[in-house]
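Asker: Sharing a structure, written as structure tokens. Questions coming.
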Amino acid sequence: MTSPAALSPTPFGRVVTAMVTPFDDSGAVDLPLAGRLARHLVEQGSDGLVVSGTTGESPTLSWQEQLQLLQAVREAVGSDAQVLAGTGSNCTAEAVEATRQAAAAGADGALVVVPYYNKPPQDGLAAHFRAIAEAAPELPLMLYNIPGRTGCSMAPETVAQLMDCPNVVSFKAASGTTEEVTALRLACSSKLAIYSGDDGLTLPMISVGAVGVVSVASHVVGPQIRAMIDAYMQGDAAVALALHEQLQPVFKALFATTNPIPVKAALQLNGWSVGDPRPPLSPLPDDMRSTLAQTMAALRQT
């Protein structure tokens with residue numbers, strides 16, 4: 001008889017929200033609103049928050065703004081949630097310094113994206129992440145693979161080379177396939193906690209060994225995502241499947257164009273004045289905003 005597969009730990013909980021960065025009318029980062037939004041997300045079921053990730057518009061934030069955001073969110077949620085700082089860069093020295101600063105500022109972890117644009121080979125990726133891990137050994141790291149944005153994919157075998165770094169504890173899988181989860185588990189065993197990086201694939205990924213999700217949609221449907229994951233983990237696959245299917249229209253609407261354009265519009269529709277994205281991103285077009293509003297209204301009726 002086959003023994004049950006070992007399940008991975010959950011270093012950052014089950015639902016981690018990749019937070020938007022609020023801007024005021026002048027385009028400056030709205031730190032007080034970031035703190036209020038962070039508290040709201042925790043109250044809606046988030047175990048953890050990522051600041052200054054993809055959804056947080058890290059490419060158009062200065063390092064100083066990113067550090068200020070981290071400090072504001074850390075202060076707002078206290079010990080009620082894990083706070084991860086986006087510290088990735090396509091320059092190893094920059095990523096090392098940002099990760100050190102995040103650790104000193106009280107982050108519970110760092111989300112470190114695969115270097116973008118310069119397309120390093122696999123040995124370069126291994127050296128890059130090892131340097132970051134060794135620079136802040138006290139800070140747990142979540143490696144982040146999103147080849148659709150970076151133009152470079154980190155192979156499971158490369159991740160396995162880093163399993164001797166005690167603080168390489170988790171991986172955000174955003175390649176768009178469940179096969180990545182299986183390949184990572186086979187290469188790294190259950191030691192590595194894998195998080196879905198795609199809201200629509202959360203349930204399929206959990207079914208093959210992921211532990212949770214780094215979510216965009218949890219800004220507006222956090223309780224439902226929490227309920228879906230909890231139902232599956234408690235053995236009620238039918239309830240989890242029903243929630244998965246119920247949420248698909250929202251997931252589709254939130255990714256109808258480049259993230260975080262739609263989710264910022266969704267928050268605005270819910271009364272959160274988070275501002276529009278910074279250029280070169282643009283506001284959500286009126287037709288997409290109308291579709292998004294209709295989708296959210298329909299979900300509230302279910």
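Each residue, glycine too, has its Cβ placed from N, Cα and C.
In case it's useful when we look at the structure, here is the feature table from Swiss-Prot:
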- Thr54: site 'Part of a proton relay during catalysis' (SITE)
- Thr55, Val214: pyruvate binding site (BINDING)
- Tyr117: site 'Part of a proton relay during catalysis' (SITE)
- Tyr144: active site, proton donor/acceptor (ACT_SITE)
- Lys172: active site, schiff-base intermediate with substrate (ACT_SITE)
Asker: At the level of the C-alpha atoms, what whole-angstrom distance separates Tyr117 (site 'Part of a proton relay during catalysis') and Val214 (pyruvate binding site)?
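Answerer: One finds 23 Å between the Cα atoms of these residues.
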Asker: For Tyr144 (active site, proton donor/acceptor), what residues in its own chain, 6 or more apart in sequence, show a Cβ-Cβ distance under 8 Å?
Answerer: Gly53, Gly88, Leu111, Val112, Val113, Val114, Phe171, Lys172, Ala174, Gly197
Asker: Rounded to an integer, what is the Cα-Cα distance in Å between Val214 (pyruvate binding site) and Thr54 (site 'Part of a proton relay during catalysis')?
Answerer: 11
Asker: Under a three-state reduction of DSSP output, how is Val214 (pyruvate binding site) classified: helix, strand, or coil?
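Answerer: SS state of Val214 (pyruvate binding site) = strand.
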Asker: For Thr54 (site 'Part of a proton relay during catalysis'), which residues of its chain lie six or more apart in sequence with Cβ-Cβ distance below 8 Å?
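Answerer: Sequence-distant Cβ neighbours: Ala18, Gly86, Val113, Ile146, Arg149, Asn259, Pro260.
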Asker: Given a separation of at least six residues and a C-beta threshold under 8 Å, show me what packs close to Thr55 (pyruvate binding site) in the same chain.
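Answerer: For Thr55 (pyruvate binding site), the qualifying residues are Ala18, Met19, Val20, Val216, Asn259, Pro260, Val263.
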